[in-house]
Structures are given as structure tokens and as C-alpha cells.
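Feature list, courtesy of TrEMBL:
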- Thr101, Ser102, Phe129, Pro130, Ser131, Asp132, Asp208, His211, Tyr233, Trp263, Thr289: pyridoxal 5'-phosphate binding site (BINDING)
- Lys234: N6-(pyridoxal phosphate)lysine (MOD_RES)
Amino acid sequence: MMTVPLDRSYADQLDAADDLAGMQQAFVNLEPDMIYLDGNSLGRLPRAAVDLADDLVRRQWGERLIRGWNEGWFDLPERIGAKIARLIGAAPDEVIVADSTSVNLFKLVVAALRAQRGRMRIISDDLNFPSDLYILQGVVDLLGSGHEIALAYSADGIHGPVETILSLLDHNTALLTLSHVTFKSGFLYDMKALTAAAHAVGALTIWDLSHSVGAVPIDLNGSGVDLAVGCCYKYLNGGPGAPAFLYIRRDLQERLINPISGWMGQRDLFNFDLDYAPTAGLRRFLTGTPPIMSLALIEPGVDLILAAGIERLRAKSIAQTEYLIELWQQRLAPLGYTLNSPRDPARRGSHVSLGHPAGLGIDLALINELNVLPDFRAPDNIRLGITPLYTSFRDIYIAVERLAQAVIEQRYLKYQSNRPTVT
Ligand SMILES: *Cc1c(COP(=O)(O)O)cnc(C)c1O
């Protein structure tokens, strides 16, 4: 492995050569000295969203009132969905924005299981986001048809258990569902290969793109993916609790039934018919009235990703995670930090987890004393989110220095007992 220079001027050189460096100006930054490494959990606020929020509240809501529905609100789920489609290799009419990731997953899991009658197995892994597993458990309980969830376990907690997943796939498998990038270690699955393996036994796939959309190039159509969901408040910078999106491949759209059949998915909804009849296309997977304020505010963040270009963002993300890992090796490994993410950039998303026995204490010392904001995922992962739209090489350099400082000065000792609600 090459060794990178350990001085700050090298980070400054990398920033000077970075043609995406100017993009950080597009975001609100009220604390220039704070190193924000949590864009994988809650993206920064785009400046354009501030103006849009003002227009939404004062003019669109305050002045236009109910007329707003015919002046753009009604079509927003599809219009923003079509923009997200460009980031994930889907056709414009295959993506719609609605509800939360968890609720969208519920809808798609139920729809997929109903379309796969007679097949009883659902496959996932132990690296998946717990909410996704809770949704699966809830659906199995609700349907009461005897479905079984077969979980594949990662051998090291870092790499996805690909071989086990392949061995679990059989003709009784209804569904394979995984996070494309896993939330703790940042492992990146080979979507195309696993989708092909699932299809070979007649199983459907649902990919959760929450930790990959906006960070990693995704080709849902090229990978033959059936169904997908994803989050808009992480790398897409859509704002806390922004609605999520769902994808249904076009040829499946008329076959699948939305289990939460509400009036927003009804054909000719203003006829107020007493019997549900789903409308054509993806709108049938809407349920109730969309939260227009938070839905509309997703668009500025998506526009910034489209403007930067996902291939350029990925190239910078790999350069930055590699830089971070090389600094870890030289500076942090001797202090007891372990690399809890894949070493191979081709198998890694855009965040890097470092483990340390005093992980939570270090995380709290960074936040409270050292002006670095990562997050923490039990048992020992300090997650460092690289968001190439606004993370600089200098940010990474300083974060590594402070990670070292937290251990050398034993700053974690103070925080051994009090765990905050949100880590
Ligand atoms: C962030 C994330 C979610 C978020 O779900 P919500 O319904 O928005 O709370 C779901 N799944 C994965 C894999 C995630 O990373």
C-alpha cells in the first residue's frame, strides 16, 4: 500500500486539485470550524432549500392556498421521483416519492409476497438495517401464512455473507431483500449478481438504497432489479424525516397491489367512488395526501447531486475514503483503532467505520470537545460519513488528528456512563 504524507499541506493540495470543491458553497454552513461527518445520516441544508421553504410557506401555502394542488403539488411525487430515477438507473415512471422508507418497504414486501403465492421463504442478512428486519417480521405476523425469514450471518460483521445468501436461495424463496450498502460497515453488495441469482430460482428482489443513493452509481434497470426503496434525508440532503421513494419495475406495476390502498392511489379520485380501483402506473402505490412542504424540499438536494454527477461524486468518495483509510493505518491503528469497513473500495460505500473499545466515549468526546460530528453504532463503530458534495480532504485530515487526540489524551474517560438518546 502506498503511504500518504501525514501533513496537512498534502490535504490542502488534494483540495486544490478537487474540481468538486466549489459545491460546498451550495450548502448552509454556520459553523465553518465544525467537521461534519454525518451526511450519511442527515445531509446538510442546501441554500436553495432555504429560499424554497420561504416560497412554500409564504406564497404557495399562505397565498395560493388550495389552488396549490393544481399548481404543482399534485404531481410532485412523480416529478421528484423522475429526478431520483436518473440517479438510480430507472425510467422516469418507475420511481415515486411517498411515505417513509420503512412504510414503503412494508408496501413492497406485502405486494411481493402476494405475487409469489406458494413460496414461503424471505431471505435477508444480519447486516441489514433493523427497521427493515422489523418490517419483515411484522409482515410475516400480519399475513399469518407461515412465511419464514432466513437470515444470512456475516462471518466478520463487515462483509456481506454472499455465499450463504446464494446457498439459501431455493425454489421456495419468494423474496431476497438487502441493503445495497450496509449501514454499519458500509459493505456494498453486487446488486446485479445477486439479483440474477434470485431470478434464477424465481425469487423477487427488494433493494434498500438508503445508504447508496446519491453516493454510489446505481443501475436498477441494468441489474434487472424488481423493487427498491430508499431514503431522501441522507446523501440526497432532503431534510430530517423527508419522505422516501420507491421503485417498481414497469412490467410489475400493474401486477402488484398496494396493501395500504388509500384515495391517493385511486383511479379518478375525485369521483369519490365507494369501491377501491387502483389508478394506472405508480401512483397506485400512494396512500394518503403527501406532506407537500417536506416533499418539495427534497428537490434542491437532488438537483445538486445531478449537477455534480454521480460518477464524479463516486470518484471523489473513493479518493476520500482511501485517504482516510491510509491515514487510519499510519496514525490510528497504532492507537487501537480497527477498520470495520471493507478495505476494497469496489465493495465499500461512502462511509468508513472505525472500531475502538472506547468507541462511544470517543464519539462523545469528538462531539462535545473536539468539534467533530461523526455518529456511533454499537458495539464499537465510530461512523465517518464522507459526503463528497461538501466533505473536504482537510476535514478528513483534521478528523483523524482529533480521533488520535481523543485517545492520546484519554478524553473518552469522562463519557463512560451516559449514553444519549440519539447516537
Ligand atoms: C436510514 C435507513 C432507513 C430509514 O427508514 P425510515 O423509515 O426513514 O426511518 C431504512 N432502511 C435503511 C437501510 C436505512 O439506512
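Even glycines carry a Cβ here, placed using N, Cα and C.
Quantities reported herein were computed from a predicted structural model and do not represent experimental measurements.
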With pyridoxal 5'-phosphate as the bound species and Thr101, Ser102, Phe129, Pro130, Ser131, Asp132, Asp208, His211, Tyr233, Trp263, Thr289 as its recorded binding residues, calculate the greatest Cα-Cα distance and give it in Å as a whole number.
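Of all Cα pairs among the recorded pyridoxal 5'-phosphate binders, the widest measures 31 Å.
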For ligand 1, which among the binding-site residues Ser131, Tyr233, Thr289 have a CB under 6 Å from it?
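Result: Ser131.
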Calculate the distance in Å between the alpha carbons (Cα) of Thr289 (pyridoxal 5'-phosphate binding site) and Lys234 (N6-(pyridoxal phosphate)lysine), and round it to a whole number.
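Given the Cα positions, Thr289 (pyridoxal 5'-phosphate binding site) is 23 Å from Lys234 (N6-(pyridoxal phosphate)lysine).
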Just jot down the residues in the same chain as Thr101 (pyridoxal 5'-phosphate binding site), at least 6 apart in sequence, with C-beta under 8 A of its C-beta; none if empty.
Ser131, Asp208, Ser210, Val229, Gly230, Cys231, Ala244
What does DSSP assign Asp208 (pyridoxal 5'-phosphate binding site), in three states?
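SS state of Asp208 (pyridoxal 5'-phosphate binding site) = strand.
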